[in-house]
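First up is the structure itself, then whatever we jot down about it.
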Amino acid sequence: MNVIEGKLNLTGNERVAVIASRFNHLITDRLVEGARDSFVRHGGKDEHLDLILVPGAFELPFALEKVLAQGDYDGVCCLGAIIRGSTPHFDYVSAEATKGIANVTLKYGAAVTFGVLTTDNIEQAIERAGTKVGNKGFEAMTGLIEMMNLYKNIGA
């Protein structure tokens with residue numbers, strides 16, 4: 001059986017965008033740093049990594065649509081932090097951000113990863129932004145690198 005998979009290395013020529021929400025910036029700033037760390041560790045050049053900031057997670061799909069329509073990037077990493085509160089707002093924002101990112105990704109057939117935390121409380125978010133459970137921004141960028149290379153291997 002022939003196995004086709006993406007590798008975890010970059011040539012240094014790849015252009016990548018990170019789209020991150022500013023809301024809950026104490027968390028998302030750490031996710032962005034994790035993504036940047038992964039990009040550089042795997043051979044990416046810092047000057048080929050662009051950070052696009054949006055107000056909140058709900059706006060991520062709209063920015064993603066614009067970025068993919070321009071066709072300037074080899075991949076896009078979406079980052080955010082949605083923390084449950086006492087109202088249904090969490091459910092609406094997390095559902096729409098998730099569906100929106102998935103729909104735009106499918107529309108363009110692009111290498112995109114979803115690094116949006118959806119947590120019950122601030123403690124869980126902190127744990128996933130570089131403490132107990134690792135850094136989900138790092139993981140999202142690592143997944144993006146693998147997917148960009150997989151797309152090259154399957155001719156996408």
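The backbone N, Cα and C atoms fix where each Cβ goes, glycine too.
What Swiss-Prot lists as 5-amino-6-(D-ribitylamino)uracil binding site is Phe23, Ala57, Phe58, Glu59, Ala81, Ile82, Ile83, Phe114. According to Swiss-Prot, the (2S)-2-hydroxy-3-oxobutyl phosphate binding site annotation covers Ser86, Thr87, Arg128, on the basis of sequence analysis. Annotated active site, proton donor per Swiss-Prot: His89, in sequence order.
Swiss-Prot feature annotations superimposed on the structure.
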residue : record                                           : CB count, 10 Å
Phe23   : 5-amino-6-(D-ribitylamino)uracil binding site    : 18
Ala57   : 5-amino-6-(D-ribitylamino)uracil binding site    : 27
Phe58   : 5-amino-6-(D-ribitylamino)uracil binding site    : 19
Ala81   : 5-amino-6-(D-ribitylamino)uracil binding site    : 30
Ile82   : 5-amino-6-(D-ribitylamino)uracil binding site    : 26
Ile83   : 5-amino-6-(D-ribitylamino)uracil binding site    : 18
Ser86   : (2S)-2-hydroxy-3-oxobutyl phosphate binding site : 6
His89   : active site, proton donor                        : 12
Phe114  : 5-amino-6-(D-ribitylamino)uracil binding site    : 18
Arg128  : (2S)-2-hydroxy-3-oxobutyl phosphate binding site : 24
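Separation of the C-alpha atoms of His89 (active site, proton donor) and Ile82 (5-amino-6-(D-ribitylamino)uracil binding site): 10 Å, rounded to the nearest whole number.
If you measure from the Cα atom of Phe114 (5-amino-6-(D-ribitylamino)uracil binding site) to that of Thr87 ((2S)-2-hydroxy-3-oxobutyl phosphate binding site), you get 24 Å. Here the binding-site residues are Glu59, Thr87, and the one ringed by the most other CB atoms within 10 angstroms is Glu59. The Cα atom of Phe58 (5-amino-6-(D-ribitylamino)uracil binding site) lies nearest to that of Thr87, taking the binding-site residues Ser86, Thr87, Arg128 as the candidates.
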